[in-house]
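Student: So TrEMBL has the following annotated:
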DOMAIN    30-122  domain 'Major facilitator superfamily (MFS) profile'
TRANSMEM  30-57  transmembrane segment
TRANSMEM  69-86  transmembrane segment
TRANSMEM  98-120  transmembrane segment
Amino acid sequence: DQENNNVFAKDDTVTLDEAVAQVPYGLFHILFLFASGGCLMVVIIETLGMGFIMPVAKCDLELSGTQKGILSSIGFLGVVTSSHLWGYVADTRGRKPVIVYTLMVSSVCTFVSSFAPNAWSF
């Protein structure tokens, strides 16, 4: 009797592959894949783009080697210091609002920083 009432009976367990096979796959998943891929591309371009503009920025902004290093690594510092916080907020408040909020803040900061007259004003 107790074996039949057990919630964790071996007959009821499924592997990850079996669970994924049982989930329907449709248009939502395709659109979600493209949307999240687009977000990932934007974040990567913004972070790694400094490597492409640094040779020109060195001349235009008269940067030293140390300043170039700080400017190149500041994006990674932001990711490292804020990832745990935003991960926790996403787990507790929901992923969609966090993704929308962080992308909007990132977009505004990137737009404003594109008008910066020197490397340290923003």
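Backbone N, Cα and C atoms are what each Cβ position is placed from, and that goes for glycine too.
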Student: Could you tell me the mean pLDDT over the domain 'Major facilitator superfamily (MFS) profile' (30-122), as a whole number?
Tutor: 86
Student: Would you mind splitting the domain 'Major facilitator superfamily (MFS) profile' (30-122) into helix, strand and coil residue counts from DSSP?
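Tutor: For the domain 'Major facilitator superfamily (MFS) profile' (30-122), the helix, strand and coil counts are 78 helix, 0 strand, 15 coil.
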